[in-house]
Amino acid sequence: MDSERRLLILYGSQTGCAQEVAERIWRESKWLYYNGPIVAMDDYPIEKLIFEKKIIFVCSTTGQGDQPDNMKITWKFLLRKNLPSNSLKNVEFAVLGLGDSSYVKFNHVAKKLYRRLIQLGGKPVCNIGLADDQHDIGAFAVIDPWINNLWNVLTEIHSLADGLIPIDRNTLPPPKWNVHSSKDTVHIDERLPNNDLFRTNSSIVTCLSNTKTTAENHFQDVRLLKFECTDQNVKYFPGDVLMVRPVNSEKSVNNFFDLFKENKKMKLDPTTILSVTQRSNDMPVPYNLCKPFTLFQCAKYYWDLNIIPNRYTFQLLSYFTDSELEKEKLQEFTTPEGQEELYNYCNRPRRTILEVLTDFPHATANLSLEYLFEIFSSIRPRAFSIASAPSVHINEIHLLVAVVTYKTKLLTKRIGLCSTWLSSLKCDDKIPVWIQKGSFKFPYSHSCHSIMIGPGTGVAPFRSFVHESIVKGYGDAKTLYLYFGARNRYGDFHFVNDWEKLVANGKLSLFTAFSRDQDHKIYVQHILEQKEEELYKLLSSKECYVFVAGNAKNMPTAVKDVFIKIFEKFENLSNTESIDTLEIMESKGFYQTETWN
């Protein structure tokens, strides 16, 4: 192995996104004859980091600026104070972060990692990349140009040996794995497996009830799902989230097999058994893909058939089509000049991968089995705030789920993969799940005041915290303040029975805003404004926490503005000083947010 062409790629990934981007970088590195492994950070022997010459880091940020689970050990090691400041003096590195700017600590992990590597003597070869899910075309608005620039920079720094020229980037990169198919008669159960087919540490929960909590005439279908969990290894606390990996609908799976009927290279029978094997020592096959599984299982449980393709997908398709017209259009989508057209074609109408493949039949007809694992991403697990309290709802986990349905700009109906699947669950259905730490870190103390702002389904984690706090003897109406917002008191007042009972017993102070129950709209921020003096008194106490949960669109900013104005008014601060005060609260954990789109 040429040590000068060694390139180590390390990733920290919670849901698989950062891992997929790292895998793409690894594949493209072959164009410049680089070798070296791609590894989750905590799977790499960190003490060997000082002997590396070139490292690419790809990492996401979870919760309130937390590291993904598979880089926590590495991160703890890098933060050790006894590490010499020249530890990484021989290391050239690049950092690409994947984040969401609706969170306060946007790409916090990547930023800290970048700074820490420099503190340890590492030399950045290019600027840090900060991808943002909130961008119109998603994270790839940053990822694509950052990767292209990375190769340009590395080519300038490390020239190829005499006689070698870079492989044409229009050359099809090799697949990451070998995939073999057979019609073996080995029986494989096609039903939902007893654990997540593609995860090793999931637990099984049983659906106890699936109740619609909104009125029949309400515009939105919201479900309260209750699950029984008797696995003693499953422990959760208020603020934690339940991770669920949905499965594709029967309609989508049928569409998948119908789509490939005309494929010239593959005969995609649902019962075909797939075996995935290692193609390179640098790209190992994940443990749960090492055992045989059927093509039906892959289409049902593994590949996301509803994902919106990214630019790299169109690049791959351009290699396979034998139609000049298709090739021209696909290649146009991969150019900087073609990004607006790609957005209008793909992102704006939220066109799915199956719809795109339908639009490019010549490329679809020539795809090979190995490249289906490149074209289709794995189904991402979804996180749901747990609405139950472990000390109150014994052996149960409750979720409050809004079923996602909407129409695109082209008036095409879309449904949320996970919420629709969850809403279809029946009593006694079993699903694989796992617990993950959420964004909120709740206090338990007689001296703490908690101001909770949770419109809509954002109220879910507060139900968990309120019940747990009360049963432990820490919560009452003088310490727990809940601000809830919805459209109608009799339409979508989630957990109304819980709240009314707690208020009647002096255990909770409740303030509500129902935006459609009067001529003028009233939102939670308006109720906060009405209570500004009371809020300031609470904020002035020794320990006061503010928690904000809900849709990321407008509410979090509007709520934050209220608190900024409170500091301006009652502490006679300028706008800048008030913003600084709130940022200090955030940095110390006294102002926490959990938002989603």
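Including glycine, each Cβ sits where the backbone N, Cα and C put it.
These numbers come from a predicted model, not from an experiment.
Features as listed in TrEMBL:
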type	residues	note
DOMAIN	7-151	domain 'Flavodoxin-like'
BINDING	60-63, 98-107, Asp133	FMN binding site
DOMAIN	200-443	domain 'FAD-binding FR-type'
BINDING	Arg350, Arg382, Ala383, Phe384, Ser385, Gly416, Leu417, Cys418, Ser419, Trp596	FAD binding site
BINDING	Thr457, Ser515, Arg516, Lys521, Ile522, Tyr523, Val524, Gln525	NADP(+) binding site
Candidates Ser102, Arg350, Ala383, Ser385, Leu417 (binding-site residues) passing the 10 Å Cα cutoff around Thr457 (NADP(+) binding site) are Ser385
Distance in Å spanning the most remote Cα pair of Thr457, Ser515, Arg516, Lys521, Ile522, Tyr523, Val524, Gln525, given for NADP(+) = 19
Have a look at the binding-site residues Thr62, Arg516, Ile522, Tyr523 and say which one has the shortest Cα distance to Arg350 (FAD binding site).
-> Thr62
Just give me the nearest neighbour of Arg516 (NADP(+) binding site) among the binding-site residues Asp133, Leu417, Ser419, Cα to Cα.
-> Ser419
Could you work out which of the binding-site residues (Thr62, Ser515, Gln525) has its C-beta surrounded by the smallest number of other C-beta atoms within 10 A?
-> Ser515
Minimal Cβ count within 10 Å, across the binding-site residues Leu98, Val104, Ala383, Ile522, Val524, points to Ile522
Distance in Å spanning the most remote Cα pair of Arg350, Arg382, Ala383, Phe384, Ser385, Gly416, Leu417, Cys418, Ser419, Trp596, given for FAD = 26
Using C-alpha positions only, work out which of the binding-site residues Thr62, Ser385, Leu417 is nearest to Ser515 (NADP(+) binding site).
-> Ser385
The domain 'Flavodoxin-like' (7-151) resolves under DSSP into 59 helix, 32 strand, 54 coil
Tell me the Cβ neighbour count for Arg350 (FAD binding site), meaning other Cβ atoms within 10 Å of its Cβ, over all protein chains shown.
-> 15
Overall pLDDT for the domain 'FAD-binding FR-type' (200-443), taken as the rounded mean | 91
Under 8 Å by Cβ from Ser419 (FAD binding site), same chain, sequence gap 6 or more | Val401, Ala402, Val403, Val404
Reduced DSSP state (H/G/I helix, E/B strand, rest coil) at Ser419 (FAD binding site) is helix
Ordered by sequence, the long-range same-chain Cβ contacts of Phe106 (FMN binding site) under 8 Å (at least 6 apart) are Thr61, Gly99, Asp100, Leu130, Asp132
According to DSSP, does Thr457 (NADP(+) binding site) fall in a helix, a strand, or coil?
-> helix
Cα-nearest neighbour of Tyr523 (NADP(+) binding site) within the listed binding-site residues, Leu98, Asp133, Ser385, Leu417 | Ser385
